[in-house]
Amino acid sequence: MLDVNFFDQIRIGLATADDIRGWSFGEVKKPETINYRTLKPERDGLFCEKIFGPTRDWECYCGKYKRVRFKGIICERCGVEVTRSKVRRERMGHIELAAPVTHIWYFKGVPSRLGYLLDLAPKDLEKVIYFAAYMITKVDEDARHKDLSSLETKIDLERKQLESRRDNEVNERMQKLEEDLKELEDEGAKADAKRKVKDAAEREAKQRRDRTQREIDRLDEVWNRFKNLKVQDLEGDELLYREMTYRFGKYFEGYMGATAIQKRLQDFDLEAEAESLREIIATGKGQKKTRALKRLKVVSAFLGSSNAPEGMVLDAVPVIPPELRPMVQLDGGRFATSDLNDLYRRVINRNNRLKRLLDLGAPEIIVNNEKRMLQEAVDSLFDNGRRGRPVTGPGNRPLKSISDMLKGKQGRFRQNLLGKRVDYSGRSVIIVGPQLKLHQCGLPKQMALELFKPFVMKRLVDLNHAQNIKSAKRMVERARPVVWDVLEEVITEHPVLLNRAPTLHRLGIQAFEPQLIEGKAIQIHPLVCSAFNADFDGDQMAVHLPLSAEAQAEARILMLSTNNILKPSDGRPVTMPTQDMIIGLYFLTLERAGHIGEGRAFSSVSEAVMAFERDEITLQSHVKIRIGGETVETTLGRAIFNEALPEDYRYVNYQVGKKELGVIVNDLAERYSKVDVANSLDNLKDTGFHWGTRSGVTISIEDVVTPGRKPEILATYETQAAKVQTQFDRGLITEDERRQELIEIWTQATAEVSAEMEKGFHEDNPIFMMVDSGARGNMMQVRQIAAMRGLVANPKGEIIPRPIKANFREGLSVVEYFIATHGARKGLADTALRTADSGYLTRRLVDVSQDVIIREDDCGTERGLPKVIATKLDDGRLVAAENVETSAYSRSAAVDVTDAKGTVLVAAGGDLGDVEIEQLIAAGVEEIKVRTVLTCEAKAGTCAKCYGRSLATGKLVDIGEAVGTIAAQSIGEPGTQLTMRTFHTGGVAGDDITHGLPRVVELFEARQPKGRAPITESAGRVEIDDSDKTRKLVVTPDDGSEVLEYPVTKRSRLLIADGDHVEVGQQLTHGTPDPQEVLRILGVRRAQEHLVDEVQEVYRSQGVAIHDKHIEIIVRQMLRRVTVIEQGASNLIPGDLVDRAKFEEENRRVVAEGGTPASGRPVLMGITKASLAVESWLSAASFQETTRVLTDAAIHGKSDALRGLKENIIIGKLIPAGTGLDRYKNIRVEPTEEARQAAYAVTGYGDYDYGFGAPDSAPVQLDDFDFTSYEK
């Protein structure tokens, strides 16, 4: 087997027949599989042991050699090599074909590569391959030219002979007629009889004339065809072809079927063809030039690679190893087999039949039919259903061919190479573990024992509880008491990974230290729920065990939940106290006037607690307490709350709800170490739960207060509505106006009833507390329970102008209930559909950005993008700009940032965190230039300085960080949440995400947007032309060039007035500009900004924060390619899409040699196209259109340099990101001088503290622990 670490790239090419025979261990000659009696493989069949290897380890077919000692011997009786049976997974066979066949991928793929190479239309190609026409493969021009005049003389002579024969026959007939007429006259026959005889004679003469004429015409046809015959002509007329062969067979050759194509390819001069095509491209235009460009791509692919075009026609078909197309016996004695075996059997049967027919010398027509059937059999083996009707198995199910094995979600790439099953894993239902610390999880004992089984067994033997591994295994299986103690010891400090599907972002898999618990459910910490998007209504989670020391180290350092407090998408904490905890902390920090003990003073918090326990004060009483040397006016609750925070944290003396907690946790994450943050979060959790329980917050129907004035309010609006209806009935207003007015009236009514309801809530009302604290629910939901449901939408998304006046407490009437179900049901259906869409978007994003990895520290560019960090208020004060969090935060400055005096506040390349941005705003800076991925000049991937901080750690990003994948996850994960948002409002009329997800997809796929708005191509004056039926906007450019016209619909809302002056790229109507036009008119930089802003617009409207840098990474990938326009002296082909880096590199080379560089135009590609256009063919093939990608890659003889992540996963290498990068692999730890001295200073071992417990319990060395010995 290949060792994956010994090669740097993988090349794919066309296999010639010799290659196929070289791979093969023998020829498969029979269609048989296994013998029905002995159930052993048939000799020379599809499962033959002689070809593919023995079915049982170290045993030959006939049984002469058994045992490993005969290893490598080939049995002289049955010819089987004595070896392991697993060679049946890797040894291939082949079928020698009696006639060549073409490979369907190259002939039938779109575009047809064979067709382009030979310049044949696919339908003509099909005629030749499937024996409907002959193809001329060779013409002996010299001989034909030499003999042409003598041949022409011959033909003329033959023509004359035919003519004279015709004349003689006609004359003879006419003479006979004369004689007959004479005879009739002598007999005195009637005129009628004479006429009949005369007509018959003339008819016969005409027939003879016509027949001869046909022969002459045929002769002329054959001659003319031969005279103008050239290579690659097709001849569909069998008789004409035979006549031609019979007469002039020595001057030309012609064939049918794949033989013709094969001969043609053997004689094909690639270089001459490429030369003539380049000439056509240089001189031609239009259709001709386009076709020449397309053909040149295929021709130069063959020239540039070492592929021989003959490889597209096969003389032998490879047979894949039998274990990869197995045949297994079912319970009932029947067999289940892979479809490939059926397809191979058809090929072998037809091939053997063809051989027999050829040996018998059967007529050509029968042989050709058999050849055609062989071609079809091979086609369906490679790609069933690509041409004609697919071959079906039992129950009319199309059989799965080799192509189907690779394609799609269940294909080889996505099912087995990119997604593998893993050992040492388990799954169970999750429940809450409020007693856990943030870095812990509760693991059921049985599960832990099964997961850690080998470790426990090894430890049992080490501690002499068991004599050998076998008895240790028995002890574990019987769960002896000692086993549990050993298990406790083994799992300490051995992290496990928990994963909840769907894993939408990297926080979906985190590491925890397991704590053994009773029961069968996994316990997880309540604060990590939001990261996993988990709840406890029956969710399940999977547990995985990192085995090697390296894996454990990575799990502990990189994946431990306490190290993943920040969200990679926006750098804000994800572990936030929620629900019960918020209500507890809210209750704790409340302040109520008039509670007992108000105004008292205490010397310490403990004293205040004693007073509270004696019921002298409440948690909410306003008191004075001495804290840290000063007296603070506060409440006892707030003092207790502050004990949960670090000692040096400023005293929180206000009411804490969800928002305030967010600010506090954010602050902690910015300013304290991870350990402190984790501790504080755990304290907040415990405090929250404790006081949440004691707050006595419950919910009851009595807490829902419907406003008393509701009927009165509704009555006034009812009259207004009736008035509108009357106006409509009288025809004073239109249907649309009526709808609009009614909607306005009822929206106002709902708002007024809601306001009345909110007034009616007491501040101690539990429902009000829940909403006010942000623990659960919002006013909109309370409105539906206590006030009125209001207007709802129908399934089309239109608002129904009759409101639901009832609320849920009062109960809905039947009609109200009915119109309310619409929205709720649509919400559910949409959610299901859009979740799938969002998942697919994430997949495409990951694919397009997976090879963006931080490769270097600093690319040294000074370019960047300006970002506004502050806005001026009317009173002249500067406040932080609205989106500074997602635009300038966590970046690096591109140039020195100075204040008005010229003092450098942040040096170029300096980090811009919250603190720095606050300083800049205080110093009066409004705009700064920041480094960005869009302007990064790194050759591969991007550099750390242009990326800035890693949002998940708050430090400058490390080299090797897979920022592309993080970006894709950050954009895709909320995509799913956006999609799920329709669900929670129960379908109440309002914003639906339909604007959301489809809009994001539209932008990333660079499609023309719905409701496209034109943008001007040059500055000038605009006029509105309404003269025709259509409306046109006419721009007269300032530079006096041609007038520009933009047709728009009558309904479109204009952004300009008649006579306005417009600038280049100004939008003329409401709507969204086409990104392709923005790129064409305004250039790359503006197109990038446009895409980033538009995507952000969608997410912001849904209240989702994503940092710009993530979207920038995707946009950078979309604009990575350049279309070559003029090739200059370079090796690029006009019309080709090349990577910008490659384009610039090639131009540098050309300029250095003094040639003219190529010119190109940047191209904006949608993410799907960009993924398929990546350099790596492995990555593209595993994404979509597998067969097309592989066909292309094979023709070009592409090499995959294995730079991205997917390619390396596919071949089983460490991915070149994170610790998989070379720079992290070869690291030695050099001890410091002090460490060396300390090591040598030890004299005796007994008194030396090893740092890991007593000397007799050394750590388990996993590296020298052999797991293989545990096979049964």
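The backbone N, Cα and C atoms fix where each Cβ goes, and this holds for glycine too.
Feature annotations, reproduced from TrEMBL:
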- Cys60, Cys62, Cys75, Cys78: Zn(2+) 1 binding site (BINDING)
- Asp535, Asp537, Asp539: Mg(2+) binding site (BINDING)
- Cys859, Cys936, Cys943, Cys946: Zn(2+) 2 binding site (BINDING)
- 187-211: compositional bias 'Basic and acidic residues' (COMPBIAS)
- 310-589: domain 'RNA polymerase N-terminal' (DOMAIN)
- 184-211: region 'Disordered' (REGION)
| remark: On average, residues of the domain 'RNA polymerase N-terminal' (310-589) score a pLDDT of 93
| query | For Cys62 (Zn(2+) 1 binding site), which residues of its chain lie six or more apart in sequence with Cβ-Cβ distance below 8 Å? | reply | Cys75, Arg77, Cys78, Val80
| query | With DSSP, how much of the compositional bias 'Basic and acidic residues' (187-211) is helix, how much strand and how much coil, in residues? | reply | 22 helix, 0 strand, 3 coil
| note | For Cys60 (Zn(2+) 1 binding site), the closest of the binding-site residues by C-alpha position, picking from Asp537, Asp539, Cys859, Cys936, is Asp539
| In the chain carrying Asp539 (Mg(2+) binding site), residues 6 or more apart in sequence that have Cβ under 8 angstroms from it | Val429, Ile430, Arg500
| Whole-number Å value for how far Cys859 (Zn(2+) 2 binding site) lies from Asp535 (Mg(2+) binding site) (Cα to Cα) | 44
| Chain-internal residues near Cys859 (Zn(2+) 2 binding site), provided their CB is under 8 angstroms and they sit 6+ positions away | Cys936, Glu937, Ala938, Thr942, Cys943, Lys945, Cys946
| request: Please work out which residue of Asp535, Asp537 has the most C-beta neighbours within 10 angstroms of its C-beta, and give that one of the binding-site residues. | output: Asp535
| So which one is it: of the binding-site residues Cys60, Cys75, Cys936, Cys943, which has the fewest other Cβ atoms within 10 Å? | Cys75
| request: List, in sequence order, the residues of the same chain other than Cys60, Cys62, Cys75, Cys78 whose Cβ lies within 8 Å of the centroid of the Cβ atoms of the recorded Zn(2+) 1 site. | output: Tyr61, Gly63, Lys64, Tyr65, Glu76, Arg77, Gly79, Val80
| Taking Cys78, Cys946 as the binding-site residues to compare, which has the smallest set of other Cβ atoms within 10 Å? | Cys78
| said: I need the neighbours of the Zn(2+) 2 site defined by Cys859, Cys936, Cys943, Cys946. Which other residues of that chain put their C-beta within 8 angstroms of the C-beta centroid, in sequence order? | reply: Glu856, Asp858, Thr861, Arg931, Val933, Thr935, Glu937, Ala938, Thr942, Ala944, Lys945, Tyr947
